[in-house]
Amino acid sequence: MVNKSGFNSKEVCGYPLSIFFIVVNEFCERFSYYGMRAVLVLYFKYFLRWDDDLATSIYHTFVALCYLTPILGAIVADSWLGKFKTIIYLSIVYAIGQVAMAVSAIHDITDTDRDGTPNNMTFHVVLSMVGLFLIALGTGGIKPCVAAFGGDQFGDHQERQRRTFFSVFYLCINGGSLLSTIITPILRAQNCGIYSKQKCYSLAFGVPAALMVVALVVFIVGSGMYYKAKPEGNIMGDVCKCIGFAISNRYKHRSKQYPSREHWMDWAEDKYDKLLIAQIKMVLKVLFLYIPLPMFWTLFDQKGSRWTLQATTMDGNFGAIVIQPDQMQTVNPILILTLVPIMDSVIYPLIKKCGLNFTPLKRMTVGMFLAALAFVCAAVVQIEIDVSRKHLTYFNLTQFVNGMNKPVNVSTSEIFPFLIIIRATFFLQSGQLSCAFSRDFGFGSSYTFFIPSTLSLGSNCQESITGAEDIKPNSVHMALQVPQYFFITAGEVMFSVTGLEFSYSQAPSNMKAVLQAGWLLTVAIGNFIVLIVAEVAKLPKQWTEYVLFASLLLCVCIIFSIMAYFYTYIDPTEIEAKFRRNVGDDDDDKNDKQRKLEMEMMKRDLDRSDDEHYKGKQTKM
Ligand SMILES: N[C@@H](Cc1ccccc1)C(=O)N[C@@H](Cc1ccccc1)C(=O)O
């Protein structure tokens, strides 16, 4: 197969063979990212011993950073290294970051007194922060490059295959994240250590690190098969300079004696190409529409923080299996894998059959509304939890009061989180004395056991040791979180999947990456809003915070629907073609008057933004 740049690549069933490596790379990379993220907030809380607020703040700062760095990646790839090298170099940085996280979670490194807790917490905190910074740089940097690099592999005649590639790409993201959000919490719940046993965060971070190395190796193996487009120059820089010139030129000509121009960007015409100006106008129209979007992500990304912490106060016993709090996040990719095909093949066609024009911006508005609804559900669940008990924890905290006048060594059997081993066995050892006893534990309960002074060789521990329940078991079931997960995921399908497609279709050809980076920037800002609102509001009750976020998104949803109503869809390719044709006409020495007339028509075309591209007729919203 020969693609648009004359590159010859091997094909399998009409698809370039090279995309196989890109899709596998994305699967492994998303496994690595979401696997690490799934246990992160619990690592902060239980390993680094941070409180809920600090854990949530650092978690969202990290996520925000992951979506700020795509701009950096896009600039480096477009103007300097090209996508291929950028992906390689930043993947190395990413893998180093993951390894640093895994090492930071080995408690034995600083556990000098071998009591199971690190003695130099600063070492663990610093190393994990360095690790998270490198991961943010890596994952964000490669994000706008990988999908675009995949798209580059297709020829102009492979539009259909390219569309399928993007769907498979999204499914791979969720396949990888689904597996990792199941696996890493299981690894985290194991006990491991050299001198003393602790929850195994090092393994939970180590496996994602290994997957990132696999992602890198797979990508390098495909090296000889890729089409590697040369960097096109710093398009971001050109855009900024052109906008800057338009603003300064407008300011210089602010006096009334100068005739006004139709659009403020037209003030750049004195120096810049009309095509570039037209393209910037298209981008600015979409970016303006992006302004309210961060609020959606503010709610969406709390799945990994507030909702996971909420799950720690719930009962995860599902009969045959016990679900870990951080495993609840798997509901999201499971629903994505089922909802995306259902929406595409049943819901959207059904809506169309009913004669409704469910445009992308309408879908996004409904997606926002569903996310707000999800937070109302979260608030209701929180009220249930608060009513059921005042203070509890997911972990079975067990303490012993030793009534004997000599030390007793107590150990317990391993508990595999997928089976309901609510029954735990404790082994007591003191000199010649050695015995065992078993007790049943409720999910989230805490007990104190009393070792009587009369305990001696031959005693029956099962009968002699008495226990008192300090904290009642969690009684609100984790299944109650399913409705909130359902609404947030249905919202994601309508908002995120549609938004990605919208950003791509409305972007000029040379600025697809710019708009992708802009889209990811809304995710970053959304995560900063979590920090600001949680810090400023400082609400005493968690459910009131959920209601606050739901109300904020509802307000933003109304504003967005008004903005969307005034937006008209464009076909960037058509507009660009008209401008290019005009340049050709210039070469044919067309007279000035006619050229001006045509330019006027094109400007009007752009400003009216005819929506022939979308459903073949003028479409608002
Ligand atoms: N549904 C998410 C994946 C996910 C898996 C497990 C827990 C939470 C989320 C997804 O598809 N993410 C995509 C798209 C996206 C979503 C939000 C912000 C940026 C991109 C991804 O590329 O990660």
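Just so you know, glycine gets a Cβ as well, placed from its N, Cα and C.
Noted in TrEMBL for the protein shown:
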COMPBIAS  600-615  compositional bias 'Basic and acidic residues'
REGION    600-621  region 'Disordered'
TRANSMEM  12-34  transmembrane segment
TRANSMEM  54-75  transmembrane segment
TRANSMEM  87-109  transmembrane segment
TRANSMEM  121-142  transmembrane segment
TRANSMEM  163-183  transmembrane segment
TRANSMEM  203-227  transmembrane segment
TRANSMEM  282-300  transmembrane segment
TRANSMEM  334-351  transmembrane segment
TRANSMEM  363-383  transmembrane segment
TRANSMEM  482-502  transmembrane segment
TRANSMEM  514-534  transmembrane segment
TRANSMEM  546-570  transmembrane segment
Within the same chain, the residues 6 or more beyond the ends of the transmembrane segment (482-502) and with Cβ under 8 Å of it are 170, 286, 293, 296, 299-300, 303, 307, 328, 331-332, 335-336, 339-340, 343, 360-361, 363-364, 366-371, 373-375, 377-378, 381, 516, 519
Given a Cβ distance threshold of under 8 angstroms, which distant residues of the chain, six or more beyond its ends, lie next to the transmembrane segment (203-227)? 3, 5, 7, 9-10, 16-18, 20-22, 24-29, 31-33, 35-36, 39, 43, 84, 87-88, 91-92, 94-95, 98-99, 101-102, 104-105, 149, 152-153, 180, 183-185, 187-188, 190, 192
Considering pairs 6 or more residues apart, do the transmembrane segment (163-183) and the transmembrane segment (54-75) have at least three CB pairs under 8 Å? no
Top stretch by Cβ pairs under 8 Å to the transmembrane segment (54-75) (candidates 121-142, 334-351, 363-383, 514-534) is 514-534
